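Student: One structure is given below, represented as structure tokens, and several questions about it will come after.
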């Protein structure tokens, strides 16, 4: 086992990224804040946040109706929640496929 003072040196430097032969890293975007990333992702695929809000809204109103004893309304809202979840999953899959088919810049 080589120590930093010996002639062998360290096998690699942990303070720098590894050098991989034949790989050129792509320059990263500037560091984004959470808000900037959320806005960028929402512009790229606006249906995902819409589906998430629909799911959360149906869940909240469904639980409220259940608590108030309105079982029929609660059941309808829970079915709406499942529909909204399906919509959200479809939007995510559509976004991934669209991103893969988009030409590289």
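Every residue gets a Cβ built from N, Cα and C, even glycine.
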Student: With TrEMBL as the source, identify the stretch among 22-41, 82-101 annotated transmembrane segment.
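Tutor: TrEMBL lists transmembrane segment for residues 82-101.
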Student: Summarise the domain 'HIG1' (19-105) as counts of helix, strand and coil residues per DSSP.
Tutor: 63 helix, 0 strand, 24 coil
Student: Using Cβ atoms and a strict cutoff of less than 8 Å, what residues sit near the transmembrane segment (47-66) while being 6 or more residues removed from its termini?
Tutor: 41, 73-74, 77-78, 80-81, 84-85, 87-88, 91-92, 94-95
